[in-house]
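> Please see the structure below; I have some questions.
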Ligand SMILES: Nc1nc2c(ncn2[C@@H]2O[C@H](COP(=O)(O)OP(=O)(O)OP(=O)(O)O)[C@@H](O)[C@H]2O)c(=O)[nH]1
């Protein structure tokens, strides 16, 4: 259930063992169910993937449905959706790492949904594996009986047979009545150029279907199971997970959590899902303003495969027409950016991520997710009473030897209500502790996760959940280039950090903005106060001036380089800005 614990590797082994895929056909380090380029490149699962397996065991044939889910906290929504289509879950824990912060939250979701949980200890082939200690951790944290834990190596295949056996023995078959009215829970959808929307459904009852949500009617043209690619079948039986293509033209018609039923029959809709809630917003603009229609179309298509992204149009004085996108977290944002570039060849600028703030006025409260709309609280004509910022309940798990470092890090990120406890009682420096606190979401959105990882030598795991809003002293910071404010560079920062943030960003802008033909003052301002300043000195225009006349090829190369780098620049007023000036995505990447 946690990142890198080996879910996709185990999924592959199960697909092989059941003969769903051929071992020889598969590249050794490519996971079958991680289909997106970004997933293969980064070794992470972003989208839950579904496959059906047919397993013959003691004279019986079993149809097993496997859903491989992402492990990163940003994709918790994807996981909770998938769990709704299951009867059981494998709680996979890395025997060298132990329980991670996210195992705990996913365990609770699975338990609340009444799923049968099978605890699996993975990576026992590694010398650093500590199966006894980790089993004890699982017992004290989840109340799991050690005899129920299955020790495996997804890599070598050791013990994986036992997992299949446990799935058959311990997970009840789905309860469904073939004679009951048809009900299908729509839990994911994708778009096919020729067949329109393909919906992934879980059949929960009994040609023509209708949606409880939109009341629209459709004709089923294609249906089947994922084995692991689409494999047509004559029908889908109760309890089965499969796909249907019907004449659904727009992805917006496929509502995740909707119940599909037979035309003419009335059914009680199944309980849906919590809506995905955007935690982080950023503006996305084309480098070349003429590309906006193409960019908007690409974003629209990409959101067909990722329904958790919120999209609205926005425009900026500096950058022109663009879109404001809401994401589940910064990794989600980074993955979306990479997919836009990989799959749609988009050339974009992405602004710094902002969490949604509440601005409380005397008669109303508005949510602001774009720094440009954030009022200047020092301006007496602004009638805002207070600003509230989103906070989260955060939990971290790491070996106890890192406790003081972690506490210090939390305090420096405005954490409150700090508390910690041991997860096991081995009493060694390796004993895991779980630290919990409340923290402003904006502190996490920047570089908290990276710092936590580096301070704990990569051992700490991190999870958080929404904990509402609290009043906070936030201010808008503007950046001025050549004395002109650039709206797309604005940030919202805590007043106590304005000096530090102002100085750091002004320095960074000084570093990344190429020198221009004239001197450029770079300033950070809060209201009318300038809190930091650097000056970019002027540059001579002709980059070839220093080269000998005879070196024609070298001259050409220089001119070409200059042109290439221009392509990735955005002219704002009289100054050319590279993407890093807006938001250096690598600086906040979490993994
Ligand atoms: N030695 C060893 N390595 C393993 C085992 N299982 C998985 N790995 C390795 O651990 C890494 C992570 O495995 P994945 O299967 O991608 O992990 P995951 O849980 O699907 O990760 P996310 O998709 O990011 O949530 C890969 O490098 C695997 O080769 C195992 O049993 N033993």
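Yeah, the Cβs are placed from backbone N, Cα and C, and that goes for glycine too.
Annotations per TrEMBL:
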- 1-175: domain 'Tr-type G' (DOMAIN)
- 68, 69, 70, 71, 72, 122, 123, 124, 125: GTP binding site (BINDING)
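Please go over these features one by one and say how buried each is and what sits next to it.
The DSSP secondary structure for residue 70 (GTP binding site) is coil.
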> Any same-chain residues 6+ apart from residue 123 (GTP binding site) with CB under 8 Å of its CB? Would you list them in sequence order, or say none?
5, 6, 94, 95, 96, 129, 153, 154, 155
> Looking only at Cβ atoms, how many others are within 10 Å of the one on residue 72 (GTP binding site)?
24
> Go through 68, 125, the listed binding-site residues, and name the one with the sparsest Cβ surroundings, counting other Cβ atoms within 10 Å.
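Lowest Cβ count within 10 Å among the binding-site residues (68, 125) is 125.
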> Enter the number of other CB atoms within 10 angstroms of the CB of residue 70 (GTP binding site).
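Other Cβ atoms found within 10 Å: 27.
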> When the Cβ positions of the binding-site residues 68, 123, 125 are compared with the atoms of ligand 1, which fall under 6 Å?
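Checked binding-site residues vs ligand 1; flagged 123, 125.
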> So how far apart do the GTP binders 68, 69, 70, 71, 72, 122, 123, 124, 125 get, largest Cα to Cα in Å?
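Between the most distant Cα atoms of the GTP site, 24 Å.
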